[in-house]
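J.: Take this structure first; my questions come after.
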Amino acid sequence: MIDQKQTNNLCLRWKGKQRRIGITGGIASGKTIIGDFLFQAKQWPILDADLYAHEALSAESEIVKKVWLRYGSKIIKNSSKNDQIINRKALAKIVFQNELEKKWLEGIIHPFVNKRIEEELEKSKSNSIVILIIPLLFEKNYTGLCSEICYIDCPRSMQLKRLQSRDNLSIKEANQRIDAQWANSLKKQFADHIINNSNDDETWKLQLKKLYKF
């Protein structure tokens, strides 16, 4: 359940001159594909929170050092002193099975992601329209950065199928990933547009073409 303060925050929208299209949805709902489609069609710059989270765990960052100290060799892909790389699958397995560990990791990654989004918005301020792909847009209170929010809607069965195929997860692990986010039904209430990605690609393509007039 969310309280009135959270509800008010979820209703916030960016009121500046730049049009900022927020794209969000459940895990494996098709956010990146849809963002890429808009970029190919309109050449609008894309700011991708997942990309910045990936950067946060790149070699030799301060965040990586903290992760190494906390979890040790079990999350290191290469044990060479000169080339220690985070095993993201091993790390994900830890945090999605333990809420405290998940909160700890998010607590050090999200400030970095926030900073990168701010930096990229500054670089893109001359563009009249930008796209922000943010998986945890509602959960982490990014609604005030967006002029409008497109929620990519697809059934849980499709999310599970994609997660198992894409990330080689068991059905239990795939369900854990989905359950770690807010329910789709809740997030849809606070979106401005619902993009249907439950059928073939033409369905959402037609929606976007109509919505953004191309």
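From the backbone N, Cα and C atoms, a Cβ is placed for every residue, glycine too.
From Swiss-Prot, here are the annotated features:
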type: DOMAIN; residues: 20-214; note: domain 'DPCK'
type: BINDING; residues: Ala28, Ser29, Gly30, Lys31, Thr32, Ile33; note: ATP binding site
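On this model, are these features tucked inside or out on the surface, and what's nearby?
T.: Reduced to three states, the DSSP call for Ser29 (ATP binding site) is coil. Of all Cβ atoms in the shown protein chains, 25 besides its own fall within 10 Å of the Cβ of Ser29 (ATP binding site).
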J.: Within 10 Å of each Cβ, count the other Cβ atoms, then let me know which of the binding-site residues Ala28, Ile33 comes out lowest.
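T.: Each of the binding-site residues Ala28, Ile33 was scored; lowest Cβ tally within 10 Å is Ile33.
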J.: Would you list the other residues of this chain near ATP - those whose C-beta lies within 8 angstroms of the C-beta centroid of Ala28, Ser29, Gly30, Lys31, Thr32, Ile33 - in sequence order?
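T.: So the extra residues in range turn out to be Gly25, Ile34, Ile152, Asn197.
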J.: How many other Cβ atoms sit within 10 Å of the Cβ of Thr32 (ATP binding site)?
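T.: Its Cβ shell of radius 10 Å holds 17 other Cβ atoms.
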